[in-house]
């Protein structure tokens, strides 16, 4: 007697006793009659031996009849390995399957989170701009402010992704606009970072705290200024954002705009009351910051707007101190044209000319000397520019200073001369140049004895 000739009840008993899904599948495919009668056992086997994983697979594939069969056979609709059937159906946009699960499953965990980045179905529905599912899930009680592994809420996620529609849906349903993630960012600062201007407008309509700081102590305005988002800067200023709130480095929005060379942004900030001479935690003003990053246009704007050219940082250095050693001599020229104090000293007693000597800029030294810089100025250790140039071994600078009449036998507070330094450093070329210019031979004898 063949298998197909056995009584159906006996065949069902055999199917029930089979342990492996492949064996049941072979039995089911024997003929159409057995397929109709035994297909149920495949579902039951999956539920019994594989925790109903087939339900999540069917949901992801959008196979509604299979989802119904799994539910009819009592599959655990909240069980999952990586994502629940609800999340799978949502991700792949199978709205009818989501509706089926919501309708058929009285204890469905709407806020269940996947174990990849801990996002619920609502996260995915919002991110994928599926308004129908967002509406359905919220109507059924999904938590609109649930957070993922990064502390992001659905609103933060869609603000980053740039979905204006999804932001509207969430805001209209009461999403918390002030919620911060683990990095201290809220939806506003995230939207600014990603340049999503339309989303920023929506958030500002909800009276979000415009000067709130993220984890890096950046306000929305500071972030926008840093990236040169001119339209966003204007928008935030119109809504009353403070121009002088500082970040973790003590930098104002104007300072970060200067650092990035965003001239138009700087101009708008200044027009709206930004302190042009505000100093960061290192005492650097925007003028110095613009030079540090070689932003000549930003530098010129600050000068035109009246920046203090004698503004000192924490080391007592003025903008001219900073400009003089730089390769771009335009900074130095502009400051000198505006009357910058050429003899000002920093906390170590260095003038701009002294600063150039240790950095080796012949062009800057010439420029300063042409503008009357004191060639015999001394820093805190009584070193003159010639002495400093000799210490650094810069032959070109030494020659320039000697040609301009620098005293060759000057001593520092330790009694050393440029010649004794040259000998101690075994710099024969420098020694010969200094001797030729009249350096005291006593230093040669003293150095040789030492």
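Cβ from N, Cα, C; glycine included.
Among the features that TrEMBL reports, repeat 'ANK' is placed at 117-149 (among others). Break the repeat 'ANK' (117-149) down by DSSP state and the numbers are 16 helix, 0 strand, 17 coil.
Taken as a whole, the repeat 'ANK' (150-182) shows an average pLDDT of 96 in this prediction. According to TrEMBL, the feature repeat 'ANK' maps to 150-182 (among others).
Look at TrEMBL and you will find 183-215 (among others) tagged as repeat 'ANK'. Among residues of the same chain six or more beyond the repeat 'ANK' (183-215), those with a C-beta under 8 A of the stretch's C-beta atoms are 150-151, 153, 155-156, 159-160, 162, 164, 167-168, 171, 177, 221, 223-224, 227, 229, 231-232, 235-236, 239-242, 245, 247.
Annotation source TrEMBL lists repeat 'ANK' at 216-248 (among others). Below 8 angstroms of C-beta separation, residues 184, 188-189, 192-193, 195, 197, 200-201, 204, 210, 254, 256-257, 259-260, 262, 264-265, 268-269, 272-275, 278, 280 of the same chain, each at least six residues beyond the ends of the repeat 'ANK' (216-248), sit close to that stretch.
If you look up TrEMBL, you'll see 249-281 (among others) marked as repeat 'ANK'. The list of residues near the repeat 'ANK' (249-281) in space but at least 6 beyond its ends in sequence, with Cβ under 8 angstroms from a Cβ of it, reads 219, 221-222, 224-230, 233-234, 237, 243, 287, 289-290, 292-293, 295, 297-298, 301-302, 305-308, 311, 313.
The annotation repeat 'ANK' is assigned in TrEMBL to 282-314 (among others).
Sequence-remote contacts of a segment are chain residues at least 6 beyond its ends whose Cβ falls under 8 Å from one of its Cβ atoms, and for the repeat 'ANK' (315-347) they are 283, 285, 287-288, 291-292, 294, 296, 299-300, 303, 309, 353, 355-356, 358-359, 361, 363-364, 367-368, 371-374, 377, 379. What TrEMBL records for 315-347 (among others) is repeat 'ANK'.
Within the chain, the repeat 'ANK' (348-380) has long-range Cβ neighbours (under 8 A, six or more residues past its boundaries) at 315-318, 320-321, 323-327, 329, 332-333, 336, 342, 386, 388-389, 391-392, 394, 396-397, 400-401, 404-407, 410. Feature annotation from TrEMBL assigns repeat 'ANK' to 348-380 (among others).
What TrEMBL lists as repeat 'ANK' is 381-413 (among others).
Proximity of distant same-chain residues to the repeat 'ANK' (414-446), defined by a Cβ-Cβ separation under 8 Å and at least 6 residues beyond the stretch ends, is recorded for 381, 386-387, 389-391, 393, 395, 398-399, 402, 408. Among the features that TrEMBL reports, repeat 'ANK' is placed at 414-446 (among others).
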